[in-house]
Amino acid sequence: MQIQQVARQSITTQASEPLHHEPQEHAPSLASALGTGAVQPLAHVSQTPLTESSKGEPICESRGPREVSISRHQDGSATVTLNHPPLTSLVLSGGGAKGAAYPGAIKALEQQGKLAEVRTLSGSSAGAITASLLAAGMNADKFKSLSDKMDLIDLLDSPVKKIKLAQHLSGENGKTIAGLLDKIKLSKLGSFVQLLCNILPRLQSEAAPLEKTLKQESSRSVLAQLGAHPELNSRPEIAAIRQRLQQGGGVTFGDLALLNRHIPAIKELNITGTGMFDGRPQMILFNASLTPNMEIARAAHISGSFPVVFSRPEEEHQPFLMKGEQLSLQDGGVMLNVPVPELINPAVRHSPISEHDNLILKFEGGSDEPVERGSRKGAIADWVVGAPVGARSALQTKGLAAFSDQMVTVPLITERGDFTGTLSGTLNFTMSDADKQHLQDKLADAVTGHLEGRTSDRQQYQFNDLESALLALPERDFAAVALESNAEIQETVRFQQTAQEQLSVIVASVLSQDPSAQLALSDSLSDALEQLDSLANSPARRDWLVAQFNQADNTALARLLNTASPAGQFPILEQSKGEARHREVMTVAHNIIHEVIYPSLFRPGQPDSNVALLRQTEHALVNAKTPSEVNVALKELADNYGARNKPWSKPRSSTTVSQAQAWMMKE
């Protein structure tokens, strides 16, 4: 479970598993693309810089599906130019009733043939509700039909008949008043009154009809997909899913992950939630790796539990809870409203050239400029929700800046009005069909334009030398370039093949040993490490090998990196351990910024001196490479942090100071 939690558990620095891929216990291989013939001996290739031509020397042109082209320049540097990677991830932001626009995006994706390429859906709040339906295999027309007719007000109804009747009577009264006000040209006031008459009687709703609808519709969609693939009937694991759904069970995250391997229309799913651990809000991630047996309808209900309007769902019997423990949860958008996988798990962003892209749908409204500090208004919002909403929003804005080329803004300010507000957008559960269609059309145009722009635009990357450029290519793109007869390319191919063979030997050697015992440097393990040291005769090769040793999802290699070895005996292993320690520091620094620095910045009444100190600490943490540098930054913060809203200079007790001291790293 991706839970950012400090008080309840010891700090962990092992990166959690990526959101897009299953764990891998072997080194990747080019065998499928290049055959399995004998590997020729390696020889060091000199790459003398070109001195005559000012133009790049073409090394290869338009290779593979991404049309990879590589050129080398007179200073020896290399340029890689290629098409954008496939869109395999769709990210759906939270926005309440503004989610009525989403069918437009799904229609555009389907018409462009891109919906079938999507393998993973990630959603927060209203985006989680949409994602749960699409992940179950629902097509664009079916999703639009369901979305347009879904009465969000009715889905908040009480199961108690008398209360439900009173809720509907209030809604009818609101509708009548709105009609009267419309006649005297006060339609905006009428809409506001109607909204209040619908929402107020339903405050703190348990939203049981919402979860029931999601469960029924997702089950129906998965069963329809199974019916369209009779060739899967003989598989017992799939037959078990069908039988459970036919008997009234709900679709689980594990079901989606299994079926996604056979039915592309069914997607893997990530949903965010906010858990209140001892009164402290922490982001929770629901997916197949962490909550495989959880029903997606339940997770979507939790993520969509808009504060105040919804009551907080209670959960128990989950992998992240102790036996007998109950957890109060709320809206997933509180901690991360735009759930980009790389923001949830920064460990997935270590490759210089991306193999996959996101399509991120973010609603128009608010500023794209990071807010520097908190305000009294923001403090009130934090108090109402019970979470550092302002701090998390600022962190999200900062993080999203790196994904601007993967983002489509959902148009909400149009000729039909401004739908960005809380009442005009988020809680506009009585939005007219005409307004829904208008927003869908606007979003369809925006997504279509984005997709067309990706087709016409090409990405370009610069590297110090040709070998660095080749080794930075994702596996499929490297395999396409490897078909070139160029001598330097073939030398790099032979290096990578030989290195992968030795990495596979290392993984096998580690897996063959008792996991509960201390790892021994066996002869086969030592021989493979020595072979890798002999191969690592250039900076590019060393960097590539270090990256291979630090794969976030390879537990065998992680175990080796955590095992003591004689100093200096295996240089590439030592360098890989150094990189692992650096990543550990980066992970801890990242968590400190999220858990200590930003919540403190957004506390009301922070004096300018504290704001400057916190920003200085953030800068030091971002650049920290060792535990000592982290500790120096934290000590500086703890020693110089001043009192807020007090006549004295130093706080008598301070959450910021105590947290800074608690996060000190072992040197």
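Cβ atoms here come from the backbone N, Cα and C positions, even for glycine.
Cβ neighbour count for SER125 (active site, nucleophile): 32 (other Cβ atoms within 10 Å of its Cβ, all protein chains included). Annotation comment: TrEMBL describes SER125 as active site, nucleophile.
The active site, proton acceptor annotation in TrEMBL covers ASP331. Sequence-distant contacts (6 or more apart, same chain, Cβ under 8 Å) of ASP331 (active site, proton acceptor) comprise GLY94, SER124, SER125, GLY273, THR274, SER303, GLY304, SER305, PHE306, PRO307, PHE310.
Taken from TrEMBL, the feature compositional bias 'Polar residues' applies to 1-16 (among others).
Only residues 6 or more beyond the boundaries of the compositional bias 'Basic and acidic residues' (54-75), in the same chain, are considered here, and those with a CB under 8 A from a CB of the stretch are 47, 81-85, 458, 466, 469-470, 473, 476-477, 479-481, 483-484, 486, 488-489. Per TrEMBL, compositional bias 'Basic and acidic residues' is recorded for 54-75.
Under the heading compositional bias 'Polar residues', TrEMBL lists 651-661 (among others). Away from its own ends, the compositional bias 'Polar residues' (651-661) comes close to residues 6, 592, 595-596, 600, 603, 634-635, 637-638, 641-644 of its chain (Cβ-Cβ under 8 Å, at least six residues beyond either end).
Under the heading domain 'PNPLA', TrEMBL lists 90-344.
The region 'Disordered' annotation in TrEMBL covers 1-27 (among others).
Per TrEMBL, region 'Disordered' is recorded for 46-82 (among others).
According to TrEMBL, the region 'Disordered' annotation covers 644-667 (among others). Shown for the region 'Disordered' (644-667): DSSP residue counts in helix, strand and coil, namely 8 helix, 0 strand, 16 coil.
Shown for the motif 'GXGXXG' (94-99): DSSP residue counts in helix, strand and coil, namely 4 helix, 0 strand, 2 coil. Annotation source TrEMBL lists motif 'GXGXXG' at 94-99.
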Report task. Mind tallying the compositional bias 'Basic and acidic residues' (54-75) by DSSP state, helix then strand then coil? Result -> 0 helix, 12 strand, 10 coil
Requested in this report: Summarise the model confidence on the domain 'PNPLA' (90-344) as a single mean pLDDT, whole number.
Outcome: 89
